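K.L.:
Pasting in a structure now, in structure tokens, and then I'll have a few things to ask.
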Amino acid sequence: MKLTILILLVITSFCSCGILREKYAHKAIDVLTPMIGVPVVSKIVNNAAKQLVHKIAKNQQLCMFNKDVAGWCEKSCQQSAHQKGYCHGTKCKCGIPLNYK
């Protein structure tokens, strides 16, 4: 079980780096999660892993929780639109500040 979860974390990491596409990660999750002995736990891990991969895969410029973690959002907005970059959840938007705090 520990090895299966470790492999799932590696797959998620590859997906976040862009090495592995989301649909292939989901297929790998479908193959790996039945290896967990308890069916209920297997299904929960399957759903949680797919949601995690989806959230990480749609992440833009390392925006997390409205924070520009690596400064990539600001840099890409300066290069493309010459505007300040703002993180909206996991998405980067140029010139559109958050209207909530």
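Each Cβ is built from the backbone N, Cα and C atoms, and glycine gets one as well.
Per Swiss-Prot, the feature signal peptide maps to 1-17; the stated evidence is sequence analysis. The domain 'BetaSPN-type CS-alpha/beta' annotation in Swiss-Prot covers 60-100. Look at Swiss-Prot and you will find C63-C87, C73-C92, C77-C94 tagged as disulfide bond.
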K.L.:
Could you state the CA-to-CA distance between C63 (disulfide bond) and C92 (disulfide bond) to the nearest Å?
P.N.:
7
K.L.:
What mean pLDDT does the predicted model reach across the domain 'BetaSPN-type CS-alpha/beta' (60-100)?
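P.N.:
Summing pLDDT over the domain 'BetaSPN-type CS-alpha/beta' (60-100) and dividing by its length gives 86.
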K.L.:
Taking the Cα atoms as reference points, how far is C92 (disulfide bond) from C77 (disulfide bond) in Å?
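P.N.:
Distance between the two Cα atoms comes out at 8 Å.
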K.L.:
If you count CB neighbours within 10 Å, which one among the disulfide-bonded residues C63, C73, C92, C94 has the smallest count?
P.N.:
C94
K.L.:
What's the number of neighbouring CB atoms sitting within 10 A of the CB on C77 (disulfide bond)?
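P.N.:
Other Cβ atoms found within 10 Å: 21.
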K.L.:
Please list residues from the chain of C87 (disulfide bond) whose Cβ is under 8 angstroms from its Cβ, counting only those at least six apart in sequence.
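P.N.:
Spatial neighbours, sequence-distant, of C87 (disulfide bond): Q61, C63, M64, N66, K67, D68, C73, K93.
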